[in-house]
Amino acid sequence: MSDLRDSMTVRRCLTFATGLLECLCFAGAVFGWASLVFVLKMEGYFSSLCVNATINGTQVLDCSGQDEQFSLVFTIASFMNNFLTLPNGYLYDRFATGAYFSPFLSPSALSVLLFPALSFIAVGGILFLMTNMQVGNLFGSRRSTVITLYNGAFDSSSALFLIIKLLYESGISLHASFLFISACSTIHLFRTFFLLPKTTIPYPLPDGYTYGMTCGKTKTFSPRQVATKDDTHKDDAVEGMPFNKDSPPKQEKSFRECFLSWFFMLHLMWLSVMQLRHYLFIGTLNPMLQRMTRGEPSLVSQYINAFAITQLCGVLCAPWNGVIMDRHKGKPRSPGTADLRASVLSLFLTALQCVLFSVCAATPFLPLQYLTFILQVLNRSFLYGGNAAFISLAFPPCHFGKLYGLVMALSAVVSVLQYPCFALVKGALGGDPLYVNVALTVLSMLAFIHPAYVYLYCRRLASQRAKSKEADTSSA
């Protein structure tokens, strides 16, 4: 029995480590778009859209059409990344763990193939994240920390395109780099078939839960087998147990009730406005730097490298948010409110970071963009990790996959506004993004409504409980 527990511990740790590596190296590569655009421009993608123009009597090469096309590629890919989370979530719930990642790039002569190429990369990456977030279910009171850590690794993986950019500048072709990444897909397949279980990992873990995979008639590692009822496994299930063992089990809310609740609606707004700000920043970073540096290629390359390097810190920033949300676990708490109270600080800090990031991004001062990059990666790490963690705290676990997929899909619809914003800047605003940046900064402030509502809800619930307790005491 001791050997069985040791085997389970090794498998659990190996699953966590390989999942972290998977997310860190591949899952969010699409968000390193700014680095890849730099290479694609040098390769001549959409170069036919560049035209000669006369500005103040000087002949210049106007590539605004090329920039607009690149922005459209990223808009569609980021939309697919989020919107397909909903059907992928249903498929995931039905067919359990597994993901596939198929990166490829088209030759510059067929630039239009960038649209499906980047979309495949985006969709494959989000499947990695969805598959691996359930690993947090294995870690009991540290569940939110693990979930946010995986989301941080997802953010950091955007540095993959920086590596491709640096290799390209060293003489390695874009085609060779992507062939190598495609070959790495075999690693993901091996992990899926030989490490992950065929069914989803439940939460909370049942008493005596044995983690492993089912292989033929082998029963030793069946994920639903009850091996023992020792205290070690009981600790993993404590988080989901009722606070009063004598009280009847609480009836869970239906999916419809969760979807129509103020919690979900305000959380959707919280995610959507900040995600739109991030997507527009990433999608327009290259032309923004072109404008600020007056087209100096070496300076543009320097700032893009700096941006991509800061993305690596996402995996270090995200767990801070998980620690904030997990800080009350294991302590005496009031039923139903302590976890939500813990989330208020996380939601507020995320909204504050976004406003500060947006203000810096709207300031046309080149050296300040280093601070913008730092705030952007910090905020993005908090945003996506906090999104998953809040849904896991505020709603019944049985609806997590559907609600997570739905909030990502609906926020994707809002994120499509990034393309009209880009077209507005390039058209009516003459390339000056100031007014759009100011509008997005004001829009980002709406995110403060969500933590305020959660705080007032918890305070109202605590007040009602205190009055009920006083009434019971006086009647006694």
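Placement of Cβ uses the backbone N, Cα and C atoms for every residue, glycine included.
For reference, TrEMBL has these:
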- 12-39: transmembrane segment (TRANSMEM)
- 109-129: transmembrane segment (TRANSMEM)
- 259-282: transmembrane segment (TRANSMEM)
- 302-323: transmembrane segment (TRANSMEM)
- 344-367: transmembrane segment (TRANSMEM)
- 373-396: transmembrane segment (TRANSMEM)
- 403-425: transmembrane segment (TRANSMEM)
- 437-458: transmembrane segment (TRANSMEM)
Long-range Cβ neighbours of the transmembrane segment (373-396) (under 8 Å; 6 or more residues past either end): 133, 143-144, 147-152, 154-155, 203, 252-253, 258, 263-264, 267, 271, 274-275, 278, 281, 306-307, 310-311, 313-315, 317-318, 320-322, 325, 339-340, 342-343, 346-347, 349-350, 353-354, 356-357, 360-361, 403-404, 407
Cβ contacts under 8 Å made by the transmembrane segment (344-367) with residues that lie 6+ beyond its boundaries: 270, 274, 277, 281, 292-293, 303, 321, 324-325, 375-376, 378-379, 382-383, 386, 389-390, 433-434, 437-438, 440-441, 444-445, 447-448, 450-451, 454-455, 458
Sequence-remote partners of the transmembrane segment (259-282) [C-beta within less than 8 Å, at least six residues beyond its ends]: 31, 33-34, 74-75, 78, 82, 253, 347, 350-351, 354, 357-358, 361, 376, 379-380, 383, 387, 390-391, 394-395, 403, 406-407, 410-411, 414-415, 417-418, 421-422, 436, 440-441, 443-444, 446-447, 449-450, 453-454, 457
Spatial neighbours of the transmembrane segment (437-458) far in sequence, C-beta under 8 Å, 6+ residues away: 262-263, 266-267, 269-270, 273-274, 276-277, 280, 337, 340-341, 343-345, 347-348, 350-352, 354-355, 358-359, 361-362, 421
